[in-house]
Amino acid sequence: MVPREQAEEAIVADSNGKEEEVGVMGVSAGEHGADDHHGGGGKFSMKNLLWHGGSVWDAWFSCASNQVAQVLLTLPYSFSQLGMLSGVLLQLFYGFMGSWTAYLISVLYVEYRSRKEKEGVSFKNHVIQWFEVLDGLLGPYWKAAGLAFNCTFLLFGSVIQLIACASNIYYINDRLDKRTWTYIFGACCATTVFIPSFHNYRIWSFLGLGMTTYTAWYLAIAALLNGQAEGITHTGPTKLVLYFTGATNILYTFGGHAVTVEIMHAMWKPAKFKYIYLLATLYVFTLTLPSASAMYWAFGDELLTHSNAFSLLPKTGWRDAAVILMLIHQFITFGFACTPLYFVWEKVIGMHDTKSICLRALARLPIVVPIWFLAIIFPFFGPINSAVGALLVSFTVYIIPALAHILTYRTASARMNAAEKPPFFLPSWTGMFVLNMFIVVWVLVVGFGLGGWASMVNFIRQIDTFGLFAKCYQCPKPAPALAQSPVPLPHH
């Protein structure tokens with residue numbers, strides 16, 4: 001087995017070769033295949049600046065912008081269910097736990113890729129995905145589990161972005177109901193089929209994070225300026241169902257690394273990804289903690305019936321700007337969630353190595369249709385996050401990576417020949433295994449068990465209250481018009 005340094009060099013070499021050869025990734029031969037070009041020694045072009053992203057910074061922007069998105073608007077709702085102290089502590093707890101499992105995924109990717117490269121396998125015209133890593137390291141049953149959970153999570157992750165688009169635009173233009181806006185934004189988001197891979201999200205990731213940063217600080221400042229209305233109460237937590245629903249939404253918030261492998265594969269040096277997700281999470285804390293805390297302080301228990309933070313803030317130009325920027329970012333995040341699904345579908349129908357972007361876009365369109373349909377059936381912005389977090393995120397990005405790491409390195413020979421040794425802050429294999437088992441047990445019991453129970457109770461309650469295919473979820477009821485009949489003229 002190649003040691004860690006050689007494994008990294010092998011990965012870099014293959015990545016560069018891939019970028020020179022794969023036109024479908026948006027990079028042509030000789031354009032910037034050499035590593036010294038990526039370092040700044042080659043010819044500058046606007047196309048490279050905006051379209052070809054594979055640096056450490058590109059990966060950081062992708063992770064940070066993909067992680068926060070629309071959950072920024074539902075975290076105040078979660079704080080009202082949890083209370084201030086639990087809300088802050090659980091954000092920190094799940095943020096660091098998510099960073100650890102993202103690290104495990106990156107280690108397993110490097111292990112899989114270094115083994116395959118030693119066997120002479122080429123990844124030209126092929127994007128490695130998480131289920132393929134599981135297949136290569138642990139066999140077909142793990143591949144099936146990874147494929148099922150990952151694809152279902154990404155499917156509903158895309159659904160959530162579409163629901164959020166309709167929910168947000170309603171606060172600018174309420175002449176159309178949220179269901180109609182879902183139809184419109186479903187068509188708009190379908191244009192993501194033309195973006196070949198994560199390699200081509202450079203400018204979008206940068207803009208997306210900037211937009212989310214504006215929205216987060218708008219929420220915090222607007223809430224503080226609004227102040228506490230008279231009679232505001234902060235009673236959370238009051239019910240176990242609400243508590244674990246809120247906790248699971250936070251688990252969902254910091255479980256956005258279902259696309260980690262695809263982001264790594266788009267890097268010029270994938271082995272440098274290890275701590276990027278942690279650094280992205282630290283930045284995300286500066287957005288989520290102030291905004292959620294300020295909103296809960298200002299509005300308290302009112303948030304229990306307002307899952308979208310925008311709904312409680314006064315309509316101003318600042319709010320409209322935040323809504324518009326969040327809409328654009330949700331379009332970007334929709335693409336992030338859908339792109340791995342596009343890859344899977346391409347591989348199923350044999351179109352993954354097709355070089356024509358238009359043909360691939362046409363082949364991808366069937367993926368958008370079920371997303372569109374599900375967003376119309378379940379328009380429950382907020383509660384759906386918790387349900388997806390408990391039933392899908394708990395396995396996809398917490399339990400499966402932790403178990404996969406334990407089983408991959410369960411033998412002494414596997415540990416001795418590992419492409420990545422334990423990190424400096426936890427230099428013991430035993431320590432890593434103990435931490436992994438803690439994550440498995442915690443998420444299985446608290447996230448999937450209690451969180452699943454609470455989230456499904458809350459989700460079913462939304463169906464009972466609003467019904468499937470709800471036309472305008474949580475929209476304010478129009479004031480009843482006073483029927484004023486004309487006064488009859490006296491007869492003479």
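Cβ from N, Cα, C; glycine included.
For 1-67 (among others), the entry in Swiss-Prot reads topological domain 'Cytoplasmic'.
For 68-85 (among others), the entry in Swiss-Prot reads transmembrane segment.
According to Swiss-Prot, the transmembrane segment annotation covers 88-108 (among others).
The topological domain 'Cytoplasmic' annotation in Swiss-Prot covers 109-143 (among others), and the record cites sequence analysis as its basis.
Tertiary neighbourhood of the transmembrane segment (144-164): same-chain residues 69-70, 73, 129-131, 133-135, 182, 185-186, 189, 258-259, 326, 330-331, 333-334, 337-338, 340-341, 344, 370-372, 374-375, 378-381, 384-385, 388, 392-393, 395-397, 400, selected by CB-CB distance under 8 Å and a gap of 6+ residues from either end. The transmembrane segment annotation in Swiss-Prot covers 144-164 (among others).
According to Swiss-Prot, the topological domain 'Extracellular' annotation covers 165-180 (among others), on the basis of sequence analysis. For the topological domain 'Extracellular' (165-180), the mean pLDDT of the prediction comes to 81.
When Cβ-Cβ distances below 8 Å are used as the criterion, the transmembrane segment (181-201) is approached by residues 19, 24-27, 51-54, 58, 62, 127, 158, 161-163, 165-166, 169-170, 259, 262-263, 265-266, 327, 331-332, 334-336, 338-339, 342-343, 357, 360-362, 364-365, 367-368, 371-372, 375-376, 379 of the same chain, each at least six residues removed from its ends. Summarising the annotation, Swiss-Prot assigns transmembrane segment to 181-201 (among others) and lists sequence analysis as the type of evidence.
If one looks beyond the transmembrane segment (203-223) by at least 6 residues along the same chain, the residues whose Cβ comes under 8 Å of a Cβ in the stretch are 49-51, 53, 58, 61-62, 64-66, 68-69, 72-73, 76, 195, 287-288, 290-291, 293-295, 297-299, 309, 313-314, 318-319, 321-322, 325-326, 328-329, 332-333, 335. Summarising the annotation, Swiss-Prot assigns transmembrane segment to 203-223 (among others) and lists sequence analysis as the type of evidence.
Annotation source Swiss-Prot lists topological domain 'Extracellular' at 224-240 (among others), citing sequence analysis.
Look at Swiss-Prot and you will find 241-261 (among others) tagged as transmembrane segment.
Secondary structure of the topological domain 'Cytoplasmic' (262-274), assigned with DSSP and counted as helix (H, G, I), strand (E, B) and coil, comes to 8 helix, 0 strand, 5 coil. Sequence annotations record features per position, and here Swiss-Prot assigns topological domain 'Cytoplasmic' to 262-274 (among others).
Residues of the same chain lying 6 or more positions beyond the ends of the transmembrane segment (275-295) and with a Cβ under 8 Å from any Cβ of it are 56, 59-60, 63-64, 67-68, 71-72, 75-76, 78-79, 84, 87-88, 91-92, 95-96, 98-99, 102-103, 106, 212-213, 216-217, 219-221, 223-224, 253-254, 257, 260, 303, 309, 312. What Swiss-Prot records for 275-295 (among others) is transmembrane segment.
Annotated topological domain 'Extracellular' per Swiss-Prot: 296-322 (among others), in sequence order, evidence recorded as sequence analysis. Taking H, G and I as helix, E and B as strand and the rest as coil, DSSP gives the topological domain 'Extracellular' (296-322) the counts 20 helix, 0 strand, 7 coil.
Among residues of the same chain six or more beyond the transmembrane segment (323-343), those with a C-beta under 8 A of the stretch's C-beta atoms are 62, 65-66, 69-70, 72-73, 127, 129, 150-151, 154-155, 157-158, 161-162, 164-165, 168-169, 171-172, 185, 188-189, 192-193, 195, 197-198, 201, 204-205, 207-208, 211-212, 214-215, 258-259, 262, 310, 352, 360, 364, 367-368, 371. According to Swiss-Prot, the feature transmembrane segment maps to 323-343 (among others).
Marked as topological domain 'Cytoplasmic' by Swiss-Prot on the basis of sequence analysis: 344-364 (among others).
Per Swiss-Prot, transmembrane segment is recorded for 365-385 (among others).
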Secondary structure tally of the topological domain 'Cytoplasmic' (344-364) (DSSP, helix then strand then coil): 14 helix, 0 strand, 7 coil
Intrachain residues whose Cβ lies under 8 Å of the transmembrane segment (433-453), provided they are six or more past its termini: 97, 100-101, 104, 240-241, 244-245, 247-248, 251, 386, 389-391, 393-395, 398-399, 402-403, 405-406, 426
